[in-house]
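As C-alpha cells, the structure follows; a few thoughts come after it.
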Amino acid sequence: MQGSLHVRNLGEGQVEKASDFMAVGDTLQVRVFRIRKGEVDVALADSAAFQKRLFSDFAIGEQLQGTVVGVSKVGVFLDVGAVNAAFLAPENVLDFSMSALPELFKKGQTLVVKVAAIAPMQLDVSMK
C-alpha cells in the first residue's frame, strides 16, 4: 500500500526538500496517522507528528490539558496532543453562549477538559 509522507512530517523546523532526510531505497519507520478516501498519511517515527496520539488512543472520560489553537462561533479547537485538534462545542462549555465563545477563550489559553466522544475524524471534549 502506498502512503504519503508530507514534508511537514519529516522533522522539526522548516524542511525544504525530502532529499535532505532520505534517499531512494532507504528503509523508514513510519506511523500511519490518517486514512481518508483510500489515501494513507504517515509520519516518520522521530518526527513530532509521530509522537502525537491517534483519536483511538483516547478514552471517554479521560481528562486532558489542552491549548486553544482556534476559536470560532461554532466551537473551540484545542491541541491535546492528538494528530488533529480536539473540538469543544458550545454546549459542552459550562456557561454556554455561542456568541460569547470568542470572549471566553483566547488562542494560547490552557484548559482542562474531558473526552466526551471519539469519532474516526473528530475528538469531542467537554468542560462539564
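Note that Cβ sites are derived from N, Cα and C of the backbone, with glycine treated the same way.
Confidence across the domain 'S1 motif' (1-47), taken as the mean pLDDT and rounded to a whole number, stands at 71. Among the features that TrEMBL reports, domain 'S1 motif' is placed at 1-47 (among others).
Marked as domain 'S1 motif' by TrEMBL: 61-128 (among others).
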Looking only at the domain 'S1 motif' (61-128), how are its residues distributed among DSSP helix, strand and coil? 10 helix, 34 strand, 24 coil
